[in-house]
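Worksheet for the structure shown next.
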Amino acid sequence: MAFFKTVIAKLATEASSNRCNPFIAFVLGGPGSGKGTQCVKIAETFRFAHLSAGDLLREEMSSNSENGTMIHDIIKDGKIVPSEITVNLLRKAIHSSGNHKFLIDGFPRNEENRISFERIVGVEPDIVLFFDCPEEEMVKRVLNRNQGRVDDNIDTMKKRLEVFKKLNLPVIDYYSAKGKVCKINAVGTVNEVFEKVQPVLAALRI
Ligand code: ADP
Ligand code: C5P
Ligand code: MG
C-alpha cells in the first residue's frame, strides 16, 4: 500500500508538471478483465475520451476498408493486427477528439504496438492501469458477453489468453519498471472494481 501511494504521488506530480502534451492512460488487462466497462465509467466521471483499440479495429473491419478482411482474420485468430494500422487509427482518433485526456483501452498489446505508438504519436503514457483478473473469471465473462463478436468463443479465447501472457505481460512489466503501472484487482462487481479505480484517477488531479 505504501508503494502504491508512492507511485500515485510520483505520477500526480509528473501529471501536473508537464501539460503541453495530452494526458495518456493506457488501460491493459486480459480479455474480459473489464477494461471497456471500467473505461466507460472513468470517462464519464473524469471526462476522459475513451478510445478502444479493439473497437477502432472492429469499425475499420466493418467499413469495407482495404484492410477489413485481414483485420477480421487476425481478430478471429486472436492475434495482433500490425501496429501501423492500429496506431494510425488511434492517432486520427486522438487528433479529432478535441479532448486532452485519453484512456487508450486494449493498447499496447505487444512491444511492436508500444514502440510504434511512441514513434508515430510521439508520446509516452502518463499512467498504465492494469486490470488483473484470474483466467477462469475472464473466460466466464467473455463467453457471456453476447455482443456477437467473432472472437468471443472458447477456441479463440484460449489463443487470446496465450497472446496476453506471451506478448502483453512483458509490456506491463516494461511500464512497471518505469513506475507507471497501477495494478487493480478486477474481481468483484463493476461498482466494487470502480471503487478501487476512482482514488487512482482522483489522485492525479488532472
Ligand atoms: P474487456 O474490455 O477487458 O475485454 P469488458 O469490459 O468488455 O472486458 O467486460 C467483459 C464482459 O464482462 C462484459 O460482458 C461485461 O459486461 C462483463 N463485466 C465487466 N466487468 C465485470 C465485473 N466486474 N463483474 C462481472 N462482469 C463484468
Ligand atoms: O481489446 P479487444 O478485446 O477489443 O481486442 C479484440 C482483438 O482486437 C484482439 O484480440 C486483437 O485481435 C485485436 N487487437 C489488436 N491490437 C490491439 C487491440 C486489439 O490486434 N492493440
Ligand atoms: Mg474491451
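Every residue gets a Cβ built from N, Cα and C, even glycine.
Remember, TrEMBL labels are computer predictions, not curated facts.
For the recorded site, G32 (ATP binding site), the DSSP three-state label reads coil. Here TrEMBL flags G32, S33, G34, K35, G36, T37, R145, G188 as ATP binding site.
Other Cβ atoms within 10 Å of the Cβ of R149 (ribonucleoside 5'-phosphate binding site) number 14 in total over all chains. The ribonucleoside 5'-phosphate binding site annotation in TrEMBL covers R58, K79, I80, V81, G106, F107, P108, R109, R149, R160.
Here TrEMBL flags N113 as CMP binding site. Take the CB of N113 (CMP binding site) and look out to 10 A: across all protein chains shown you find 24 other CB atoms.
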List, in sequence order, those binding-site residues among R58, I80, G106, P108, N113, R149 whose Cα sits within 10 Å of the Cα of G36 (ATP binding site). G106
I80 (ribonucleoside 5'-phosphate binding site) versus binding-site residues K35, T37, N113 - nearest by Cα: N113
Three-class DSSP assignment, N113 (CMP binding site), comes back as helix
Using a 6 Å cut-off on Cβ distance, which of the binding-site residues G32, S33, G106 come close to any atom of ligand 2? G106
Distance-selected binding-site residues near ligand 3 (C-beta under 6 Å), from G32, K35, G36, P108, R149: K35, G36
